[in-house]
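Okay, so here's the structure we're looking at.
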Amino acid sequence: MASSTELNMENLDPPGTVHSSVLGLVDQNGHSKSSEKIEDRPDITYGIDDVPPWYLCIFMALQHYLTMIGAIVSIPFILTPALCMREDDPARGHIISTMIFVTAIVTFIQNTFGCRLPIVQGGTISFLVPTLAILHLPQWQCPAEEQMNNMTSEERTELWQVRMRELSGAIAVSALVQVFIGVFGVVGVLLKYVTPLTIVPTVSLVGLSLFENAAEAASKHWGISVSTIIMLTVFSQCLSEVKVPGINYSKEEGFKIVWFNLFKLFPVLLTIMIMWGICGLLTLTEALPKGHPARTDVKLRILEDSSWFRVPYPGQWGTPTVSLSGVLGMLAGVLACTVESISYYPTTSKMCGAPPPPVHAINRGIAIEGLGTVLAGLWGSGNGTNTFGENVGAIGVTKVGSRRVIQYACALMLLQGIINKFGAVFIIIPEPVVGGIFCVMFGMIAAFGLSALQYVDLNSSRNLYIIGFSMFFSLVLPKWMVHNADAIRTGSDIVDSILTVLLSTSILVGGMLGCLLDNLIPGTPEERGLVAWGEQMKLVSEPTVHGEYNTFDFPVGMATLRRWKWTSYIPFMPTYHPKKKN
């Protein structure tokens, strides 16, 4: 199979063609500088630096957009009730639109100037755990239902906006720690102490600690929720290899029928559409009583009251407020996202056929992710940003790892973030359907955290003790704290709030216990999984040869940076090359 030596914007190469740029290093004329044999190259249609034709970019971008939208829309279903917001408040749609808008901005910056991998960065469940811990503080708990019903419209709006301002400030300030980690190259130091036995409780508890939210939504109608779970399971696990016909177009062959894995690409989207349709039929036939959460007409007012166009802007809910307890609580989400994103970088690079990401790209990626979370806080999305695992998986399925495709997806997300009614559409999804999706989605997040156990020795009683205690106790203590929010009385309201939030955040309690126990209790590197983990998370730093283009270089200004020798000492610069230790 011959490789392409130069990019052609208009011509589509045959499927399976491997481009030279997937190897990461080409000269200024576009010719490959690698001596790697073609047979050893990964099976990928478009590599990270390849530019598919624009019409294919649009289709592939839509695919990535549809892949991430399910994760985005799930967050407000948990966040907005905790903010004391009415179920039919049009601002729920505004929050979704804000999340999509910020996702577009952050993803473009990350792809173009950050780690330069084709990843999507957006809202994350990891921030919901500390968010709920903060909102469970006595001063932020919702008033009684009768009291809220007697409030005016302006009072109800201020009720949730003052809470959103508190979250916005906490998210933005705590994310500065992530910016610091990336800018000053602290990633390598962090990974020395953040071991697999730290990751397991931290990430898995993100899903496990939200089981009550999933149960509350699913219990609105267990028949619909269970049907949603079954359908999603069948689509994603049983029919993943079943191909369905579709239409493809190329200049050479025109329109033709192609077969693709529909259920593998869009299991969540298909499940939501089908179950939403079933709920619509139950509503039309009056099989569900008026006002039932499973009816499709319960929240129609949100769609009707939403404007067509609305541009989200920083401080749209008012000036963010900052409290020490909120900032320290949100740090748990920041650190969880940092470790999770770092683990995605080598995986994504491998899927795209690119070399392992160098240390400067990883540092830059974490710094940009932190900057993205700062922007998400200032814009008032009520959440931070993290790498979407769903989109990483989509690269492996579609064999398309082009950076340009993600940049097209950013344009699409930017447009949809401005069309306000689009965000409102997702808010009116029946709650039992959302509950069924939660049961599967949160379970998968927990499983992702548990997958880090593959690196450690599970026959070791030491490891089993650390895993069992760090996970179990981090569920017990926060649960007790939620029901005894005023238990800590040190004489200082600030200290009381800080300790209450920290001890109520399960991912922080679990992560700290796992980290402390694993680093204090004696164990061999092999037993602790450090050897296998070190191979997986190896941070390489290859110097950029003068006059050559590297996948992880900046798109502009590299000639100037190479002339400035001092940039080789800056951890996030493409010219960075630290001295190796003997």
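Just so it is clear, glycine is given a Cβ too, placed from its N, Cα and C backbone atoms.
Note that the coordinates shown come from a computational prediction; the quantities given were computed from them, not determined experimentally.
Per TrEMBL, these features apply:
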type: TRANSMEM; residues: 62-83; note: transmembrane segment
type: TRANSMEM; residues: 95-113; note: transmembrane segment
type: TRANSMEM; residues: 167-187; note: transmembrane segment
type: TRANSMEM; residues: 262-285; note: transmembrane segment
type: TRANSMEM; residues: 408-429; note: transmembrane segment
type: TRANSMEM; residues: 435-456; note: transmembrane segment
type: TRANSMEM; residues: 463-482; note: transmembrane segment
type: TRANSMEM; residues: 494-517; note: transmembrane segment
Feature contact check the transmembrane segment (408-429) with the transmembrane segment (95-113), CB under 8 Å, 3 or more pairs:
yes
Is the transmembrane segment (494-517) packed against any residues at least 6 beyond its ends, judged by a Cβ distance under 8 Å, and which are they?
126, 129-130, 133-134, 136-137, 139, 193-195, 197-203, 205-206, 208-209, 323-326, 328-329, 331-333, 335-336, 465-467, 469-471, 473-475, 477-478, 481-482, 485, 487-488
With pairs restricted to those 6 or more apart in sequence, evaluate whether the transmembrane segment (262-285) and the transmembrane segment (435-456) have 3+ C-beta pairs under 8 Å.
yes
Beyond the flanks of the transmembrane segment (463-482) by at least 6 residues, Cβ under 8 Å:
133, 136, 197, 200-201, 204-205, 208-209, 453, 456-457, 500, 503-507, 509-510, 513-514, 517-518, 521, 523, 527-528
